[in-house]
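Engineer: The following block contains the structure, expressed as structure tokens.
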Amino acid sequence: MSTGFFGDIQKVKYEGPDSTNPLAFRHYQPDEIVMGKRMEDHLRFAVAYWHTFTWPGGDPFGGQTFLRPWFEDTMKAAKLKADVAFEFFSLLGSPYYCFHDADVRPEGKTFAENTKNLNEIVDYFAEKQAATGTKLLWGTANLFSHRRYMSGAATNPDPDVFAFAAATVKTCIDATQKLGGENYVLWGGREGYETLLNTDIGRELDQLGRFLNLVVEYKHKIGYKGTILIEPKPQEPTKHQYDYDVATVYGFLKKHGLENEVKLNIEQGHAILAGHSFEHELALANALGIFGSIDMNRNDYQSGWDTDQFPNNVPEMALAYYHVLAGGGFKTGGTNFDSKLRRQSLDPADLLIGHIGGMDCCARGLKAAAKMIEDKALSQPLADRYAGWESAEAQKLFRGEYSLDEITHYVESHDVNPQPRSGKQELLENVVNRYV
């Protein structure tokens, strides 16, 4: 049954690249076969509950611009928001959604009230999922908005805050499991510091390690089959966050023996904030065996902060999905649109238009990436570049069968004098442009 929020808008359909209908897909066809697999199953799109239905449109210099009928902190409003959300998922044809606990339930005065409210809305979501076929990609706990978390959650100097946060995560894992969520995400928005003058880094990192171990232990205790994901971000809201980037998180996981238990949810905008390209973070996560899922958005390259805009750069998407496909594709992860409307985009249709554009952009990127893989457009030049390491002697060198003295003797006795070879960067950049 329609809520009426979207007026007479009908389910979004594919109309082809020549369509000028803003409420139609031009490139995204769920059933199109790409590399032997349905496009929908490659991309595994999800809608972010928080930016799409909870964000009021504020910024540091101005307050709310969106006037949504569910913007009240009551269970009645929470259920109306759920009605609109699941109608939106159906109109868009998104197979998945994601949420924080605070996005979906009213804020209670106590932990017990929060748990009661979450359980009630989870039961409501379960009915909605059954009726629409929409699934939960991942759930998570908001451990950053409430004032109790102003000094962190897991890294807070107050052990009672640590305990409250841990108990909250338990309820959110339970909710995620009940709804069939395929992943559970941890994002440390306040797990960092503003100044070292009042911060014991060593203690806070140890607290964070204990917290993450508790999560993994509980996952196994209850038999949750989903993947635990960490989402890196270098700063904002804190000056420096401990989950800075892929490399930093990997070192943290290794220290605590969790590199085989936890994978990463990598956001394009966060990669940019860390001074990396999106494809760098994806390639590194693949190389380290910790790639899990992605949050798809973009930042304004001039502003210097996290603007969470919908993706619109096909070459960037092509390179991103190239690394996703090259690593074997998503297992339990997917493409979550952690993107929000601009605060002047007031119309309900704008919510659909933003997602449609993002989905079309990702579809174009996926198809370009798949074609590059099928043609070995990048993999063959890469293999040629490193071909010298395939020789028997080079393999022994790589496996550590020669000492430094033996290597030196080889260089001297064979008069080794290697000459540099072209890296062909311009050629490869031109190759990519042929596909996009």
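Glycine is treated like the rest: Cβ placed from N, Cα and C.
Below are the features I grabbed from Swiss-Prot:
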ACT_SITE  His100  active site
ACT_SITE  Asp103  active site
BINDING   Glu231, Glu267, Asp295, Asp338  Mg(2+) 1 binding site
BINDING   Glu267, His270, Asp306, Asp308  Mg(2+) 2 binding site
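Looking at the shown structure, what environment does each listed feature sit in?
Structural biologist: Long-range neighbours of His100 (active site) (same chain, six or more residues apart, CB within less than 8 Å of its CB): Tyr49, Trp50, Gly139, Thr140, Ala141, Asn142.
In the three-state DSSP assignment, the secondary structure recorded for Asp103 (active site) is helix. Around Asp103 (active site), the same-chain residues at least 6 positions away in sequence with a Cβ under 8 Å from its Cβ are Tyr49, Trp50, Phe53, Thr54, Asn142.
Long-range C-beta contacts of Glu231 (Mg(2+) 1 binding site), restricted to its own chain and to partners at least six residues apart, with a cutoff below 8 Å, comprise Val185, Leu186, Trp187, Asp243, Leu264, Asn265, Ile266, Glu267, His270, Asp295.
A strand conformation is recorded for Glu267 (Mg(2+) 1 binding site) in the three-state DSSP classification. Around the Cβ of Glu267 (Mg(2+) 1 binding site), the number of neighbouring Cβ atoms within 10 Å comes to 26.
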Engineer: May I ask for the distance between Asp308 (Mg(2+) 2 binding site) and Asp338 (Mg(2+) 1 binding site), taken between their Cα atoms and rounded to an integer number of Å?
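Structural biologist: Asp308 (Mg(2+) 2 binding site) to Asp338 (Mg(2+) 1 binding site), Cα-Cα distance: 7 Å.
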Engineer: So how many other Cβ atoms are close to His270 (Mg(2+) 2 binding site), meaning within 10 Å of its Cβ?
Structural biologist: 29
Engineer: Drop a 10 Å sphere on every Cβ of the binding-site residues Asp295, Asp308, Asp338 and tell me which sphere holds the fewest other Cβ atoms.
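Structural biologist: Across Asp295, Asp308, Asp338, these binding-site residues, the one with fewest Cβ atoms within 10 Å is Asp308.
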Engineer: Roughly how many Å separate the Cα of Asp306 (Mg(2+) 2 binding site) from that of Asp338 (Mg(2+) 1 binding site), to the nearest whole number?
Structural biologist: 11
Engineer: So around the Mg(2+) 2 site, Glu267, His270, Asp306, Asp308 aside, which residues have their CB within 8 A of the centroid of those CB atoms?
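Structural biologist: Once Glu267, His270, Asp306, Asp308 are set aside, the remaining close residues are Lys233, Gln268, Gly269, Ile272, Leu273, Asp295, Asn297, Asn299, Asp338.
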Engineer: Can you list the residues of the same chain, besides Glu231, Glu267, Asp295, Asp338, whose Cβ falls within 8 Å of the Mg(2+) 1 site's Cβ centroid?
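Structural biologist: Apart from Glu231, Glu267, Asp295, Asp338, the close residues are Trp187, Asn265, Ile266, Gln268, Gly269, His270, Ile294, Met296, Asn297, Asn336.
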Engineer: If you draw a 10 Å sphere around the Cβ of Asp306 (Mg(2+) 2 binding site), how many other Cβ atoms fall inside it, taking every protein chain shown into account?
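Structural biologist: Taking every protein chain into account, the count is 20.
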